[in-house]
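Here TrEMBL flags 65-177 as domain '3-dehydroquinate synthase N-terminal'. The NAD(+) binding site annotation in TrEMBL covers 69-74, 103-107, 127-128, Lys140, Lys149. Here TrEMBL flags 179-323 as domain '3-dehydroquinate synthase C-terminal'. The annotation Zn(2+) binding site is assigned in TrEMBL to Glu182, His245, His262.
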Amino acid sequence: MKTLQVELAERSYPIHIGSGLLRQAELLMPHLAGRQVLVVSNETVAPLYLDAVTAALTDYQVETLVLPDGESTKNLQTLEKILSVLLEQGFGRNCTLIALGGGVIGDMTGFAAACYQRGVAYIQIPTTLLAQVDSSVGGKTAVNHALGKNMIGAFHQPRAVIADTDVLGTLPDRELAAGLAEVIKYGLIRDAGFYTWLEQNMTALRNHDTAALTHAIEQSCRHKAAVVAADERESGQRALLNLGHTFGHAIETGLNYHDWLHGEAVATGMLMAADLSARLGWIEPGVVERIAQLLTATGLPVQPPAIMTPELFRRHMAVDKKARDGQVYLILLEALGAAVVTGDYADDALAATLEHFCRTAQPA
Ligand SMILES: NC(=O)c1ccc[n+]([C@@H]2O[C@H](COP(=O)([O-])OP(=O)(O)OC[C@H]3O[C@@H](n4cnc5c(N)ncnc54)[C@H](O)[C@@H]3O)[C@@H](O)[C@H]2O)c1
Ligand SMILES: O=C(O)C(=O)C[C@@H](O)[C@H](O)[C@H](O)COP(=O)(O)O
Ligand SMILES: [Zn+2]
């Protein structure tokens with residue numbers, strides 16, 4: 001097992017990464033605030049892993065909540081279900097929530113923990129690659145609104161992250177690829193060497209090679225922990241983790257959170273950001289081609305769905321959380337491995353990127 005630390009003074013916490021961790025009660029127990037525990041999972045993950053987690057908690061009042069699956073359930077109605085269970089079971093301020101699932105369960109459970117009695121403890125047990133490399137770390141919690149992705153949420157750090165690499169054995173290939181999109185993101189924004197390693201090891205990663213996946217998870221968590229430690233609430237460099245997300249979130253909202261996975265939308269969004277960077281003369285067109293090749297080799301889409309028009313992109317991009325006084329801020333590339341957050345780009349270059357990608361759009 002490898003343990004990394006998210007250094008946030010009194011809110012610091014460990015990220016444990018390794019095989020067989022789900023059943024290790026000693027990893028969970030130090031982080032439980034009291035005897036009352038609610039494990040939140042979904043109808044896909046619970047039959048696979050819920051028993052292993054509850055079996056590790058013999059001396060506690062353990063309640064479980066199994067939610068429906070899918071991004072379209074990440075909303076205020078589902079949040080209310082979690083809060084209702086906590087109230088019905090008489091949970092107090094020293095209860096602990098455990099998120100057992102992918103990023104959807106993690107974001108909603110974390111937000112419920114942030115809201116319940118103005119804030120209780122929670123632990124992340126991420127079961128998708130995406131959640132192990134990104135969403136379980138950093139304390140961004142949220143639900144979606146019909147008008148915008150993650151629009152209702154809070155920063156609330158977990159007490160611990162327990163990433164058991166064995167659970168990736170049951171993850172469908174499409175979900176694995178979606179997680180790899182966020183892994184590629186770290187290479188693009190801050191680690192050209194890691195990006196090259198991903199190019200060289202993509203076949204092994206897609207074949208569920210444990211050593212390759214473990215390396216990718218460790219490197220990703222190392223990057224995320226460092227960025228979050230430096231800028232917990234996104235007043236500066238944390239925004240770099242949003243590469244491709246202004247375009248990607250517009251796609252997810254445009255599709256009403258159906259059909260495309262978050263990682264898929266981010267993949268196309270990252271290529272759009274690279275295309276815009278090239279149009280501005282910040283990177284060579286060859287870099288854009290190299291990114292398109294890696295995303296394609298990963299099995300990720302590189303064109304938006306046909307429903308997306310330049311107008312629809314602009315409408316949804318306008319409500320992005322990075323927008324300031326009506327100006328949309330974007331993460332753009334200065335090189336492969338170096339990114340900036342900027343509102344200082346020519347609008348006609350953005351228009352050209354949107355036109356180019358919408359002309360070549362895929363059927364949804
Ligand atoms: N908070 C953050 O910093 C952050 C970062 C990135 C993404 N996110 C959010 O995370 C969400 C996407 O997360 P995701 O990609 O994990 O999606 P997800 O939670 O919907 O999980 C993907 C699918 O895999 C299934 N699944 C989960 N674990 C499994 C396993 N071990 N075996 C078999 N099936 C399994 C799920 O039931 C689901 O059907 C989005 O809502 C996105 O906005 C948040
Ligand atoms: O942790 C962050 O910061 C990120 O931006 C990580 C993203 O991968 C993630 O999708 C996040 O939820 C997006 O945040 P948002 O603030 O744009 O909703
Ligand atoms: Zn993301």
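Glycine residues also receive a Cβ, built from the backbone N, Cα and C atoms like all the rest.
Here the features listed in TrEMBL are placed on the structure.
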| residue | record | contacts (Cβ under 8 Å, 6+ apart) |
| --- | --- | --- |
| Asp69 | NAD(+) binding site | Asn42, Glu43, Thr44, Val104 |
| Glu71 | NAD(+) binding site | Val104, Asn144, Glu252, Tyr257, His258, Leu261, His262 |
| Thr73 | NAD(+) binding site | Leu67, Val104 |
| Gly103 | NAD(+) binding site | Pro126, Thr128, Leu130, Ala131, Asp134, Ser135, Ser136, His262 |
| Asp107 | NAD(+) binding site | Lys74, Ser135, Lys140, Thr141, Ala142, Val143, Asn150, Gly153 |
| Lys149 | NAD(+) binding site | His249, Glu252, Thr253, Tyr257 |
| Glu182 | Zn(2+) binding site | Leu130, Val133, Asp134, Ser220, Gly263, Val266 |
| His245 | Zn(2+) binding site | Val266, Gly269, Asp320, Ile331 |
Binding-site residues whose CB lies under 6 angstroms from ligand 2, from Asp69, Glu71, Thr73, Ile105, Asp107, His245: His245
Close-lying binding-site residues around ligand 1 among Thr73, Gly103, His245, His262, where CB distance stays under 6 Å: Gly103, His262
Environment of Glu182, His245, His262, the listed Zn(2+) site - residues of the same chain whose CB lies within 8 A of the CB centroid: Leu130, Asp134, Ala181, Lys185, Gly244, Gly248, Gly263, Ala265, Val266, Gly269
Long-range Cβ environment of Ile105 (NAD(+) binding site), under 8 Å and at least 6 residues apart: Val40, Ser41, Asn42, Val45, Leu67, Ala99
Average model confidence [pLDDT] within the domain '3-dehydroquinate synthase N-terminal' (65-177): 98
Residue counts (helix, strand, coil, in that order) that DSSP gives for the domain '3-dehydroquinate synthase C-terminal' (179-323): 104 helix, 1 strand, 40 coil
DSSP residue counts for the domain '3-dehydroquinate synthase N-terminal' (65-177), split into helix, strand and coil: 50 helix, 33 strand, 30 coil
Packing count at His262 (Zn(2+) binding site) (other Cβ atoms within 10 Å of its Cβ): 27
